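A.B. asks: Heads up, here are the entries from TrEMBL:
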BINDING   5, 7, 101, 223  divalent metal cation 1 binding site
BINDING   148, 175  divalent metal cation 2 binding site
Ligand SMILES: [Zn+2]
Ligand SMILES: [Zn+2]
């Protein structure tokens, strides 16, 4: 199987990456893409991909982390130019298959390392600038794109539409896609994959949504260490980090609710993921 979105580059996995990849292999997860969320985690993703054959990297600045660049620079624009030069350097690495995760995010995070985090129009404008610049880089270097969108559908689809004619079919994914028919319709029309995670095991709206997603648009992801499937949640206090080996639970769950054999689901999603990242 193929975990198309897993943050082995996050602190939760420090000193455990080898073990986690081993466990994944034993569970039949043979390919993993590690997306970056800022410069540091993008570099880390590349480093991990160099050490393990079955791991690939994506590099990019997540909209949440655009806040840091806005706060650290007199002008967000100057900060952006610097960050984009660094991302561009990483993009030429042979294990970097995509730019990501990039997008727009209007969600107010309770747990964030930025104490004065707030979402206003100037912040959203800078997020859009980052999104546009990174789409342009993906086009320039012929990389796939991992899109993150949270509570910003209108602006997100408008920004994408500006570039639509330049983005290649079947080379983008709406990762952890919100259960929103407008997003799905856009994805079907423009041949964009839909990423589904472990939160489907406890979110009724996502369980209904999956029944409307064509199989040829579906890819699986754990978003580890986040979004632990409900079967593993146990008591709240000692919740373990999610891992790519748990992808199997997501596949079993989806196969059951859409009424197909899990082997079929696994085969199709692996093919879809290979197509998405141009990995055969
Ligand atoms: Zn995300
Ligand atoms: Zn992510």
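One-based numbering along the chain as shown.
From the backbone N, Cα and C atoms, a Cβ is placed for every residue, glycine too.
Map these features onto the structure and tell me what's around them.
C.D. replies: Around residue 223 (divalent metal cation 1 binding site), the same-chain residues at least 6 positions away in sequence with a Cβ under 8 Å from its Cβ are 5, 6, 7, 175, 176, 197, 198, 242.
DSSP classifies residue 148 (divalent metal cation 2 binding site) as strand under the three-state reduction.
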A.B. asks: For residue 101 (divalent metal cation 1 binding site), name the DSSP secondary structure in the helix/strand/coil scheme.
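C.D. replies: Where residue 101 (divalent metal cation 1 binding site) sits, the three-state DSSP reduction gives strand.
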A.B. asks: If one measures from the C-alpha of residue 101 (divalent metal cation 1 binding site) to the C-alpha of residue 148 (divalent metal cation 2 binding site), what distance in angstrom results, rounded to a whole number?
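C.D. replies: With the alpha carbons as reference points, the distance is 6 Å.
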A.B. asks: If you skip the near sequence neighbours and keep only those at least six away, which residues in the chain come within under 8 angstroms of residue 148 (divalent metal cation 2 binding site), Cβ to Cβ?
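C.D. replies: Residues satisfying the criterion: 62, 63, 100, 101, 102, 103, 104, 105, 175, 176.
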A.B. asks: When DSSP is mapped onto helix/strand/coil, what comes out for residue 7 (divalent metal cation 1 binding site)?
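C.D. replies: DSSP assigns residue 7 (divalent metal cation 1 binding site) to coil.
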A.B. asks: As a check: which entries in 5, 7, 101, 148, the binding-site residues, place their Cβ less than 6 Å from an atom of ligand 1?
C.D. replies: 101, 148
